[in-house]
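What follows is a single structure, written as structure tokens, with notes after it.
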Amino acid sequence: MALPALGLDPWSLLGLFLFQLLQLLLPTTTAGGGGQGPMPRVRYYAGDERRALSFFHQKGLQDFDTLLLSGDGNTLYVGAREAILALDIQDPGVPRLKNMIPWPASDRKKSECAFKKKSNETQCFNFIRVLVSYNVTHLYTCGTFAFSPACTFIELQDSYLLPISEDKVMEGKGQSPFDPAHKHTAVLVDGMLYSGTMNNFLGSEPILMRTLGSQPVLKTDNFLRWLHHDASFVAAIPSTQVVYFFFEETASEFDFFERLHTSRVARVCKNDVGGEKLLQKKWTTFLKAQLLCTQPGQLPFNVIRHAVLLPADSPTAPHIYAVFTSQWQVGGTRSSAVCAFSLLDIERVFKGKYKELNKETSRWTTYRGPETNPRPGSCSVGPSSDKALTFMKDHFLMDEQVVGTPLLVKSGVEYTRLAVETAQGLDGHSHLVMYLGTTTGSLHKAVVSGDSSAHLVEEIQLFPDPEPVRNLQLAPTQGAVFVGFSGGVWRVPRANCSVYESCVDCVLARDPHCAWDPESRTCCLLSAPNLNSWKQDMERGNPEWACASGPMSRSLRPQSRPQIIKEVLAVPNSILELPCPHLSALASYYWSHGPAAVPEASSTVYNGSLLLIVQDGVGGLYQCWATENGFSYPVISYWVDSQDQTLALDPELAGIPREHVKVPLTRVSGGAALAAQQSYWPHFVTVTVLFALVLSGALIILVASPLRALRARGKVQGCETLRPGEKAPLSREQHLQSPKECRTSASDVDADNNCLGTEVA
């Protein structure tokens, strides 16, 4: 075909050829994958202006690990390294520092810490590990105090912190860990502190302890090995008569070829006073059971990271939600799960059978002997008999497991902390909302509606560089989640409704805090559940039902008119880039040209954008469509006009607002680029290098055959190669012999350059 028939000059034809080659090299854009489990529908990277966050930090302070919300929800108390802060969080935006009191470890304790081979730069400080509200006028706090735990009371005055008096500092052994790296937990119940931590400098003696209050101080018996020496505590949750401790430790009841971690729940009674003769100053009601969080066909999630209690509307059905990971990696990545445990199931297991250790076989088996009344380990009133206490010393492990319900399973991520709440939707139902911190500094918002599995509404990357989320504190009255980490505290509004610009996008988000307001045509924060005109569908995320005034087909495409059309004036023989914002990671995207698909010969899709060679007949309406949950809707619409030929706007699009925009435009003829917002020079270099390699390969092949023939002639015309015997060093007995001549022509040489029918002279 002649060049004029294509309507292109030679340079434009070369540009078209390179564009087609570029189309083959560019990766195909697909809707995200990213491992097993639900994907976050919207991702916000650090510094994304679409997600407004507030950051508090204080010069000279770090390790903002401990968070406590005041009773009125207006003040956030923060335990940092060697300081305690009071932050006013009533107003939106950055929390305001009300006041701060220092509580450093003494110089003597720091010297002793360094003498014991601990680091002066990272360890020999006072890391605040316990911060609880003792009453309306005092807080109670404990810290590592340079590997010498200490505790004290802090007086409050109008929610301001008063300075700590050194003479009121008490020993904190058993309440705070020695090592800031060790996990711990503590909860204040009826004026008594229940704590789980390490009780020695080496970190080899875990302990569950009760201090403060009028009841006697009680603790676990380390000699009886109720806890494995590597027990790691993550949560303490009070109930009506008991306090539950959640932790993980090495399992001793299983025969396994490697050290097997297991998650546990332990229980002690609030009215426990210890034994009179046996188990003096020790728990007499300590029991523990295995927690099981697993999904069929997968390895168990056997390492618990955090647990919280969500009281239900009915006091008979509260649940505990816990975050788990696995000690094993699958495919080089770790996985996480959130499981729900009914308190009724936990109580039932603790009322079941015991395990006992067979001393002859060293195996744990089910105890089948008689039971006494009252039942050993029960929260009965009055002292226990010596027989019951003797039984409790060896029968502290329950036979049955507490099986949880997996709500969220996700690979490629490790969750560290969890905060939960319920949100009432427009349908009047309560939906579980979970906020999950990760080891890489992300915050996930997950929602569970009814019996359906969890879906991830959003993922927020909090830090430019990955680091773990250390603590989460939900402030319902402020509508925010506070995130503690090494450098400060983030304030994260729990919903970001304004990012959803259409009714379809708002409904598909399935965020119980957001609903579409038809009057203002905005996605708004749901302030009251009785807004009948607002639109929301939490169960199905069905925009067909929520966003249409009348009956609609399954696809929204025929009835979807763009809210605005962006007009683009293009130059002939140029590459035009039409961007398409990917509003949802769950959607698949495609382009249309009017009622038809875009022409494949002159276009390609790269990173969601449409790259289009402007030629005759390519003008008109271009729309980027998203398909999600079975529904298609336009994300963005362009009307492309050429400088040489202006098209009349489709009458069906009359009345739609239009906006003239400039998009990346690159000329493929001999001229320079017209709009160099995005350079395709790297792609051009790639294509050029590949073309040069192909050309070089062809030249090598063409030159190789003559060279081979020349080499064969030179070998035949020269001397015969030495025989193996002639290659050995000459001895005295050997005599030099002249080489024998090959009398043959080049045609008498085989493929290996051997003489054929050679006559030897």
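Note that Cβ sites are derived from N, Cα and C of the backbone, with glycine treated the same way.
Under the heading signal peptide, Swiss-Prot lists 1-32, citing sequence analysis as support. Residues annotated as topological domain 'Extracellular' in Swiss-Prot: 33-683. The annotation domain 'Sema' is assigned in Swiss-Prot to 36-494 on the grounds of sequence analysis. Residues or ranges marked as disulfide bond in Swiss-Prot: C113-C124, C142-C151, C269-C379, C293-C339, C497-C514, C506-C523, C580-C624. Swiss-Prot lists 496-548 with the feature domain 'PSI'. The transmembrane segment annotation in Swiss-Prot covers 684-704 and rests on sequence analysis. The topological domain 'Cytoplasmic' feature in Swiss-Prot is assigned to 705-761; the stated evidence is sequence analysis. Positions annotated as region 'Disordered' by Swiss-Prot: 722-749.
Feature map: annotations from Swiss-Prot on the structure.
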residue: C113; record: disulfide bond; Cβ neighbours (10 Å): 23
residue: C124; record: disulfide bond; Cβ neighbours (10 Å): 23
residue: C142; record: disulfide bond; Cβ neighbours (10 Å): 31
residue: C151; record: disulfide bond; Cβ neighbours (10 Å): 24
residue: C269; record: disulfide bond; Cβ neighbours (10 Å): 18
residue: C339; record: disulfide bond; Cβ neighbours (10 Å): 27
residue: C497; record: disulfide bond; Cβ neighbours (10 Å): 19
residue: C514; record: disulfide bond; Cβ neighbours (10 Å): 24
residue: C523; record: disulfide bond; Cβ neighbours (10 Å): 27
residue: C624; record: disulfide bond; Cβ neighbours (10 Å): 22
**OP:** Output, ordered by sequence, the same-chain residues six or more apart from C293 (disulfide bond) with a CB under 8 Å from its CB, or 'none'.
**Re:** S263, P300, F301, N302, I304, A322, F324, A337, C339, G404, P406
Original post:
How many other Cβ atoms sit within 10 Å of the Cβ of C379 (disulfide bond)?
Top reply: 16
**OP:** Return the member of C151, C497, C506, C514, C523 nearest to C624 (disulfide bond) in space, with distance defined Cα to Cα and candidates limited to these disulfide-bonded residues.
**Re:** C506
**OP:** Check C506 (disulfide bond) against DSSP and tell me helix, strand or coil, would you?
**Re:** helix
Original post:
Can you tell me how far the Cα of C580 (disulfide bond) sits from the Cα of C124 (disulfide bond), in Å?
Top reply: 53
Subject >> Which same-chain residues, if any, lie at least 6 apart from C506 (disulfide bond) yet have Cβ under 8 Å of it >> reply: C497, Y500, C514, A515, W516, C523, K535, Q536
Original post:
In the domain 'PSI' (496-548), how many residues does DSSP put in helix, strand and coil?
Top reply: 14 helix, 9 strand, 30 coil
Original post:
If you draw a 10 Å sphere around the Cβ of C580 (disulfide bond), how many other Cβ atoms fall inside it, taking every protein chain shown into account?
Top reply: 22
Original post:
About how far apart, in whole Å, are the alpha carbons (Cα) of C151 (disulfide bond) and C124 (disulfide bond)?
Top reply: 16
**OP:** Fill in the CA-CA distance, C124 (disulfide bond) to C379 (disulfide bond), as an integer in Å.
**Re:** 42
Subject >> Candidates C142, C269, C379 (disulfide-bonded residues) - the one closest to C113 (disulfide bond) by CA >> reply: C142
Subject >> Between C379 (disulfide bond) and C142 (disulfide bond): CA-CA distance (Å) >> reply: 29
Original post:
In DSSP terms, helix, strand or coil for C151 (disulfide bond)?
Top reply: strand
